[in-house]
């Protein structure tokens, strides 16, 4: 049962700015039914994910990367509800939306359906996206904003005394720990005294492989090439089974799809040696659609490392480079959130945790492993023994739940 956790933290600091107004009628979440807007959003969100990924690689070259694009998108879209004028426009355009083609109400309705679809109960798949908004007691949020974040983003809103920094920090950390079932502890360690609003977005995902690995076939101490001069030893899971896979000769990479038991899949992308940057630069929603069209099922002699990684990012600088500038400036316009005093974003933190194994963190009762063919010489060998990309997708919405690069699987 691979287990994933993601958390987006948006911290807004108090500052003075003249109030303004913004309008837009928002509907409430009625059902998880998908629509044309949702499918349109999947491509837009995917391109945002890869654009963000490329910015992260510049900031953290040659390191493990792991984050939840859909969590970040939802957190920023939710923030845009309280933004107005160019502050709102920059947030939405950085996400890939053109307000001329897609009105604000349609964008928010799309996220409404996305969150409803992701949170809709599914057998054998635990998937929950959640939000929490901690607002300073001295702040008077607009009723419309509170209604919208509750109806659209299923957000809990808490009135918090930020004048007591340690107590506010404990309140937020305790909430996050409860919601992630103890997987994220002590998230905030240095809450700033001028903080007045904290927005938390998290995504919890737990699923069982459709075809679990046999632990007895895991090879301890297998070599994994980190770079030309560095090799580490990792447990390497092994299985001979039928998988959807392909060799993309244009991008010089091998793609393998591993299905979960219900409504989710993992894409493992293995570039040829020296071709990682080329693959990273080409990733897009169009590439995903091409792979989805060309993947074919066949026998594979598969080797995948067993590992866990976690990553924490301050996305403020990256989002600035992606076009979100006013939100961090003194002229930020969040008059859609409150008429008291304006706000500006002081920090955007994101944390994601990842574990993958034969059965995961919990035992799977009565797992039966199918007999594998003795002769494997004719089956192609796909061995993830060097840096590779990893995508976790939800099938119904085609949303990228998680996106990452494994450079060193021994780094936790």
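Cβ atoms here come from the backbone N, Cα and C positions, even for glycine.
Record features (Swiss-Prot):
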- 292, 395: thyroxine binding site (BINDING)
- 35: N-linked glycosylation site (CARBOHYD)
- 98: N-linked glycosylation site (CARBOHYD)
- 164: N-linked glycosylation site (CARBOHYD)
- 252: N-linked glycosylation site (CARBOHYD)
- 1-16: signal peptide (SIGNAL)
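Feature map: annotations from Swiss-Prot on the structure.
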| residue | record | DSSP class |
| --- | --- | --- |
| 98 | N-linked glycosylation site | coil |
| 164 | N-linked glycosylation site | coil |
| 252 | N-linked glycosylation site | coil |
| 292 | thyroxine binding site | helix |
| 395 | thyroxine binding site | coil |
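Ranked by Cα separation from residue 292 (thyroxine binding site), the glycosylation sites 98, 164, 252 are led by 252.
Taking the C-alpha atom of residue 98 (N-linked glycosylation site) as reference, the shortest distance to any of the recorded positions 164, 252, 395 belongs to 395. For residue 395 (thyroxine binding site), the same-chain residues lying six or more positions away in sequence with a CB closer than 8 A to its CB are 263, 264, 265. Of all Cβ atoms in the protein chains displayed, 9 besides its own lie within 10 Å of the Cβ of residue 98 (N-linked glycosylation site). Rounded to a whole value, the Cα-Cα separation of residue 252 (N-linked glycosylation site) and residue 164 (N-linked glycosylation site) is 55 Å. Of all Cβ atoms in the protein chains displayed, 15 besides its own lie within 10 Å of the Cβ of residue 292 (thyroxine binding site). Taking each Cβ in turn and tallying the other Cβ atoms within 10 Å, the top scorer among the glycosylation sites 164, 252 is 252.
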